[in-house]
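Undergrad: One structure coming up, written as structure tokens, with questions to follow.
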Amino acid sequence: SSPVRVRSLRGGGGGARCPALLELLSGVFFHSAALQPPPPPPGGQPRAPPQPGGGPVAAAVVAAAAGGAGSLERIRADHERALREAKETLQKLPEEIRRDIRQDKEKLLQDARGRKEAGAPGLPQRLFRQPVGAVGQEPSDPDVRQKRDKIKEMMKHAWDNYKRYAWGLNELKPISKQGHSSNLFGNIQGATIVDALDTLYIMEMKEEFKEAKEWVEKNLDFNVNAEISVFEVNIRFVGGLLSAYYLSGEEVFRKKAVELGEKLLPAFNTPTGIPWALLNIKSGIGRNWPWASGGSSILAEFGTLHLEFVHLSHLSGNPVFAEKVMNIRKVLNRLDKPEGLYPNYLNPSSGQWGQHHVSIGGLGDSFYEYLLKAWLMTDKTDEEGKKMYYDAVQAIETHLIRKSSGGLTYIAEWKGGLLEHKMGHLTCFAGGMFALGADGAPNDRTGHHIELGAEIARTCHESYDRTSMKLGPEAFRFDGGVEAIATRQNEKYYILRPEVIETYMYMWRLTHDPKYRQWGWEAVEALEKHCRVDGGYSGIRDVYNNHESHDDVQQSFFLSETLKYLHLLFSEDDLLPFEHWVFNTEAHPLPVLHKDNGNKEDDQK
């Protein structure tokens with residue numbers, strides 16, 4: 001989540017459907033009410049059946065067949081009128097034609113707006129039932145309770161300063177005490193508000209949640225002429241709104257999430273259906289990052305839409321969102337994978353891989369995370385997602401995971417068959433992913449996957465421990481005699497990233513080994529000592545230096561992810577339990593769509 005963070009910088013056909021998604025789409029989670037024909041207009045007259053294609057003339061021919069000679073007269077009259085209008089248009093000056101087109105467009109927009117305000121069919125009604133674990137008990141241990149209270153105070157410091165100096169803008173500059181806007185969100189504003197909603201909710205910061213909700217209701221506007229990152233807007237805005245809805249039941253969040261989801265759909269208008277990275281949400285025109293190999297889309301970007309889009313279909317009754325992301329799977333499954341690995345670049349026009357670069361860090365990371373979580377989120381019915389995940393992990397183990405001479409397990413990067421012995425901070429999320437997926441691992445490899453998670457957690461802790469500030473660098477290396485240390489100046493920064501703490505949280509929940517809470521608390525102390533400033537929290541330019549040089553950005557993901565994962569690390573396991581929730585890659589919790597109670601939340605007819 002830097003200016004270019006794919007978790008990373010951090011179109012196409014009807015979609016492949018795994019059996020689980022077929023079941024989803026056929027009514028276990030989408031409800032037939034949403035798929036009925038539209039209700040008759042006011043006045044009780046039934047709507048005319050849809051006419052065949054071909055416009056007014058074809059429609060008139062159908063009418064004539066039913067109505068005899070009188071209808072033929074009408075066709076002739078209509079035909080003559082159309083010829084007259086065409087002749088008049090040809091005699092107009094170009095600027096007059098342009099003006100007429102503009103007026104017609106404005107009239108259409110006004111008519112559409114009028115219909116909407118008059119109560120055009122919107123979202124299906126839905127009975128809200130709060131999922132299990134939206135709130136948890138107080139920790140029983142007083143020391144843990146005290147630590148959790150401290151983390152809540154950190155959230156309050158971050159939020160209050162954002163509110164004081166940057167309210168309604170995307171992010172806060174805590175040193176200069178003003179707003180900061182990243183070009184990832186175009187002109188959409190309020191990233192910190194939307195990203196923080198669920199953290200405020202689970203920390204029971206009720207006043208702050210209420211003021212955030214009111215801002216969303218009155219000010220969150222997607223009708224902007226701006227180019228946005230589809231990935232970032234999806235994980236932060238769509239994800240944040242979905243979670244806020246599932247936790248609170250406030251209808252405004254569902255409405256805004258679906259509205260934004262609809263705005264993102266034109267990104268899929270490519271020959272393969274692999275979406276563009278960048279989209280102008282007013283014009284619907286998409287393109288890819290100019291630096292991406294051969295005009296490619298990025299694996300971690302188009303592969304990190306699945307959870308949110310399945311939930312958009314669930315909440316809207318419209319299967320199009322789920323179909324779009326299932327089609328991405330279909331394209332990927334048709335392709336040969338070099339050594340079973342997924343390259344970071346895929347061309348959305350040709351459907352072919354770009355450069356054969358493979359990373360479990362930036363550009364690749366959350367694609368793998370979403371394969372596992374898609375399986376978990378369908379109550380372990382998405383067998384296709386499960387197979388893709390465990391097959392990928394096997395290839396990663398064979399080709400990317402290595403052990404240093406000092407005994408540290410790390411995940412290297414693969415460049416056309418050659419390994420670069422570097423691991424990014426972003427890659428540290430994988431410890432938690434391996435542990436979360438251990439339970440379903442094939443061939444009695446559960447213990448092995450937990451161990452792999454523990455090894456990655458230890459390596460990432462070492463990357464923190466070997467710096468002056470006890471905060472980890474953006475990337476660290478295992479070559480030239482160094483281990484878990486950044487050797488390049490442009491890799492020594494820390495921008496309040498969450499991935500290491502995320503892995504501590506998963507490892508704590510799944511093993512209850514006290515060292516993970518100890519390591520998490522070391523991170524809290526380092527954040528307080530080096531990142532906390534009067535105006536909020538700032539990133540650091542060089543974690544190996546003894547003197548802080550702040551980057552003056554309080555990233556929205558600090559409130560969404562870093563502080564939420566710390567809060568969960570020092571909470572009881574009954575808060576957002578894993579059997580009922582999965583977290584999107586921005587730490588927004590989404591409920592598992594349980595088979596057995598899929599119909600208990602039916603939309604009310």
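Every residue, even glycine, has its Cβ placed from backbone N, Cα and C.
Just so you know, TrEMBL annotations are computer predictions that nobody has curated.
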Undergrad: Which stretch does TrEMBL mark as coiled coil, out of 69-96, 377-404, 545-572?
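TA: Going through 69-96, 377-404, 545-572 one by one, TrEMBL gives coiled coil for 69-96.
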Undergrad: Pick from C460, C531: which cysteine does TrEMBL list as forming a disulfide with C428?
TA: C460
Undergrad: When a 10 Å sphere is centred on the Cβ of E474 (active site, proton donor), how many other Cβ atoms does it contain?
TA: 21
Undergrad: Rounded to a whole angstrom, what is the C-alpha distance between T585 (Ca(2+) binding site) and D365 (active site)?
TA: 9
Undergrad: For C428 (disulfide bond), which of the active-site residues E232, E474, E499 has the nearest Cα in space?
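TA: Closest by Cα: E499.
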Undergrad: Do me a favour and check the Cα-Cα span between E232 (active site, proton donor) and D365 (active site); whole Å is fine.
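TA: Between the Cα atoms of E232 (active site, proton donor) and D365 (active site), the distance comes to 14 Å.
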Undergrad: Whole-number Å only: compute the distance from the Cα of E499 (active site) to the Cα of E474 (active site, proton donor).
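TA: Computed Cα spacing between E499 (active site) and E474 (active site, proton donor) is 11 Å.
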